[in-house]
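Novice: So Swiss-Prot says this about it:
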DOMAIN    116-239  domain 'MPN'
MOTIF     188-201  motif 'JAMM motif'
BINDING   188, 190, 201  Zn(2+) binding site
């Protein structure tokens, strides 16, 4: 194993994981830095620091998944024994990591109750997380809202394979009419964790937006969920400018 003697305490204050989290927010920390906060310490004098150990753990996980760019996903179902097989990770560090992973899952799976006003993509993703976030196959779901954006319910429209799912606008709007919904948010998951929309995703979104115009039921967003994160297509594509929904926002 490569020697890494620089301690976290020797880093400039702005580069230390805890200080960086407090000053910039958790989103701006690398996965290795987040692990370092959980680990607390590294392997001891003259060996890997906490950040170095975090990097080493991710390297080991990347080898386990066969994809170094998606190492974090291996934490989803890892066992204590598998973690403790990594040099420098004993029972205390392993249980801390596993507790954090489980807490993160529970946060994402805790959904707002009906009548909650859904006023952001993050809140919509929280409602849909239990149905979409960690699934091994693609699913397409719809979030049903009233005219004031209050939550009426959610419904999984279709379940596909590990790489694709199919949904037809007819099925989506049938559920909206059945529940007397005035607004919709559609969503599907990418089991790979890659949240970039495919051309098929964009084409389907445009079809559904056009159907929303005809039905006079605005489609507020299309979310892609996966691996603990989400992407709003309304925020990153011009589709809502091309097919306005008459919902009072551009």
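One is the number of the first residue shown, and numbering goes on along the chain from there.
Glycine is no exception: its Cβ is also placed from the backbone N, Cα and C atoms.
Keep in mind that this is a model prediction, so the values were computed, not measured.
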Novice: Identify which of the binding-site residues 188, 190, 201 has its Cβ surrounded by the largest number of other Cβ atoms within 10 Å, counting every protein chain shown.
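Specialist: Per the Cβ count within 10 Å, the most buried is 188.
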Novice: How does the domain 'MPN' (116-239) divide up by DSSP, counting helix, then strand, then coil residues?
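Specialist: When I sort the residues of the domain 'MPN' (116-239) into the three classes, I find 44 helix, 37 strand, 43 coil.
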